[in-house]
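Pulled from TrEMBL:
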REPEAT    22-56  repeat 'PPR'
REPEAT    57-91  repeat 'PPR'
REPEAT    124-158  repeat 'PPR'
REPEAT    226-260  repeat 'PPR'
REPEAT    328-362  repeat 'PPR'
REPEAT    429-463  repeat 'PPR'
Amino acid sequence: MYAKCGALDKAVQVFDMLEARNVVSWTALISGFVEQGNSERALDYYECMLLEGVVPNCVTFICSLKACCSGGAIDKALELHSYIEREGFLRQDPMIGVTLVDMYAKCGLLAKAQHVFHNLPCQNVISWNALITGYVEHGYGDRALHCYEQMQHKGVTPDSVTFLCSLKGCSIMRSLAKGQELHFEVERRGLVYKDIAIANTLVDMYAKCGPLFMAQQLFDKLPDKNLVAWNSLIAGYAENGSSEKVVELFKQMQEANICPDSVSYLCGLKAFCNTDQFTSCRDLLDQVLKDGLSVNDIYVGSTLVSMYAKHGDLVRAQEVFDGLPVRDVVAWNALAAGYAEHGCGEDALQLLEKMESQGVSPNAVTYLCSLKACSSMGAVDKGRDIHVEVERRGLLEKELIGNTLVNMYAKCGLLTIAHQVFCNLKFQNVVSWTALMAGYGQRGESNVVFRMFLDMVESGVKPNPVTLVVILSACNRACLFTESQNYFEMISKDYGIPHTIKHHACMVDLFGRSGHLDNALSLVNKMPFSPNLVVWHIILGACKGIGSIGIGKHAFNHALQSDENDCTSVASC
């Protein structure tokens, strides 16, 4: 009684006073500790029971296996499994086999779980669910769905848990067709509106797999829209980058008296991480701070730091960071990355030194931030120290680390070392090729850039938009008018790279430098997007060089329209 009620201290006192302690009393105590999440004490009492010569029964094994599962005691679990098989307990109680499957599956030993499952004398819906759940929890959606199919072929009727896990398998695999098939089946059985967990999982499945309007339609039909359903829909729109819809959903939540939690805010903020609509989410950010979630939830706090830092509001990022009660490596990295990205390399390096002095161990992202900071400020000595450290930790095999090292040495002008690092990379992708080409381009070695470009293409690596900027910049420095036009057309035509504003700016600059102002202005007028301030500054600079007042006035007026407050336009004129 005491064990079941959670009064374990009292249960132990009564247990210790018993003159005769049999398997029932031992098992009751073990079960109590398992229920309270104290797996270590549960297994200790199991060992004591064996030492006293008490033979465990089926319930004892089930409780002890659950303790192994929650405590991650794999060695003990294998020992128990061996004992169970040796003494023939698997034949006595089917639930022992189910518990073994569940335990191995939850611990990630899926091959063992499958082996036990196939050797069960009776494979019922509970054992199938244990295996399907294990596959889903470890990201094997295809295997989970295969189990669902096999289960039906063998005449085992699925239940709510089966459908729930199978729908999650569809989400993992992004399998809309299978998800719709399962939706039809649960609707036929009347489970959609009876089981809120299935309804929520369906919304989540459509949000991840299908057109969002399907998730929205199902959500709108739910009689009981709980927080999980709202979060699933918000996550779907956030993943799709529909930031305006995310803001609208938060307003609707408030109107429905549903209080957002940390998951709501994390999903919502994700919609703004990679967009230019940072100002649109100010209200959302303010609400997070008002609710105190940045302090109470380390993930929300780190996300806020990352968002403010990424969008250049370093003062606010620092304020949120300083208010965090616990600062893990993610939070430190987020702030350091912001400083590095916005030209405050020294601040980034100082911050990361402070992090290590406070006992927080760096990870691969930390070293990436450090190397970017070194690149931005030309701190090659510090960069070399970091290079030694990442090599010592075996991180050079990570693609991003290798690429960033090449970029750092190339930007700092140490092209021989940059080339050595490049040649030692396990995989030389477009990022590492482009970084090295950019380094040679900055030093004016345009011929090397063009030769490397040919080598890159011959090795099967396709250029990206940044590669084209590097190539056009090299043409610009070498005043290669015809070659630049050829590259401009060829890379877009042969590799399907859409021209960006930077590509057009490079061409406009080359036309301007070579005195072809009419061609430069013609290209500006034909651009598929509005010319930005940089483009008009290039035209102004070219006019200043050859004294073309008419085109200069035209460019000046457009520059003012682009940014009426930009003083550099006036200075250029």
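Cβ atoms are placed via backbone N, Cα and C, with glycine included.
DSSP states for the repeat 'PPR' (328-362), grouped as helix (H, G, I), strand (E, B) and coil, give 26 helix, 0 strand, 9 coil. For the repeat 'PPR' (57-91), the residues of the chain that approach it from at least six positions outside its boundaries are 23, 26-27, 30-31, 33-34, 37, 39-40, 42-43, 46, 49, 97, 99-100, 102-104, 106-107, 109, 116, 120-121, judged by C-beta separation under 8 angstroms. Distant neighbours of the repeat 'PPR' (124-158): 94-95, 97-98, 101-102, 104-106, 108, 110, 113-114, 117, 165-166, 168-173, 175, 178; these residues of the same chain sit at least 6 beyond its ends, with a Cβ under 8 Å from one of its Cβ atoms. Within the repeat 'PPR' (124-158), the DSSP-based counts of helix, strand and coil residues read 26 helix, 0 strand, 9 coil.
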